[in-house]
């Protein structure tokens, strides 16, 4: 006999019936087991105080109850008026549905209110041709009832008995039936990266499931701790925007949040020297990265004294050269694009990659005009109160956690509990007859089938393309067009005395890091000063450097060995930051991401819309796309995009909520 479990505290064993049994006989066995489940828990209730005490005991129980099927005679042995009435109404509504529909209802959702307490009970029945059926049960109890003002009787009222299933509870079950399992859910989120986990947490009031093919959550977020060092091999930090901070607080990590020094300088390597990037407008006249004529050109261009925008979509390079001049592009924007997107700015779309800046010119006629208009619009619009729980970062800073970025996905996963399934590889997705979706997974426990009202695909676009091709060839073709170049993260450490004296501030290496224009003969895209950015990242007297190499302009790095990548990074650092006669670095980690960061190329938004339209044209309602190729590559943009997708899913599921 197989066992069926849920993430609440009910467990009912699968019951084998004979293929010759009628539906009515099967229902009798089913209700017998339900009756045995409910009656012992309610007990004999004679008074209101007894009911309150007993229900509270049920709510406070954390264990898993186990019940086996009973005999038909149990149906006639009610131990209380309440349990007998419950059983009678249960039969009544089930057979009412059978009479009206003429077939077996797959789900029966019932709820009732007793003495001010809310109890929701859901039952799901699956009957196969082999004569098996399984029952999923869960319950939700609100243990904060109103105070009883008198001892008068309260009536028993029924509600929501015609609901296909409740959207206010979070059941999940595995019921092996002939090598497979079934689950009925509001939403399945494919992919447990930061986007998928954020969506799941935002939808925690619904019946959701997050599935991940790998053995861990977090996607490209990869934190490693060893020998007194702590480093990242994927994204390194995040901008502490309000959506990001909301996720941090909701995940219980407010006390673990660490923020970098907002005054920490950022550098660009130009003509043999690391030059500080201005951190505020007052620094603009004095920094030596650009010539004085170039500063004037940028200022007048930002004011609107520049060529008009073309009719066609511009690349980042075209937009910046036209608005701000050549030096701004070559010495600031080009290395920034390489360091953040690992991209080629001559191919990146300004509208897609830097949409907020692009909109400034569109809305205000120039970058400065758009900025002024945006400020006026913001001041005239109704102010939404800021969540008082959120920290208040000062200046332009970045954030992480005491034990690295991996704390965030791990914390969300821990809160979601059994809603997160690892090593679940999605092999197919199909439209169900009821308008939902059936997903088939290969899992450590065997092949499992999951049924759901909606699906969110947060996997990389090339994975989504393969999975969605049977449903929409047009969507799959569009998703296959996004390009992910290879990027390697090389983490090494030097003794502090290996750093050049002219690169030290007060005897220490301080700052966020440095970026390297492609024209300066340096292969490395950029270097982050990990030991300076956040505390406790390296032992005393050591500097920890995270280096990125590769990207769209250097895809050949995927053919290099780890030792060759380390040699290239070390060679570059000795040109800029490290003394040429320093000892070999301590190599901590080399991680090659063969398909790292999606490129928002010219036409990206059109391609993305083609994918979404391909799904819509095939009638695939309730199927959503999410991830960094949709929202943006920065960690904060992934979180913002996840909240946007979660809102769309909630709107979609609202049609199924019982009134």
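Cβ from N, Cα, C; glycine included.
No curator has checked TrEMBL annotations; they are predicted automatically.
Note on TrEMBL: of 81-99, 100-118, 119-137, 138-156, the range annotated with the feature transmembrane segment is 81-99. Within the listed segments 338-357, 358-377, 378-397, 398-417, TrEMBL records region 'Disordered' for the stretch 378-397. When DSSP labels each residue, the compositional bias 'Basic and acidic residues' (378-390) comes out as 3 helix, 0 strand, 10 coil, counted as helix, strand and coil in that order.
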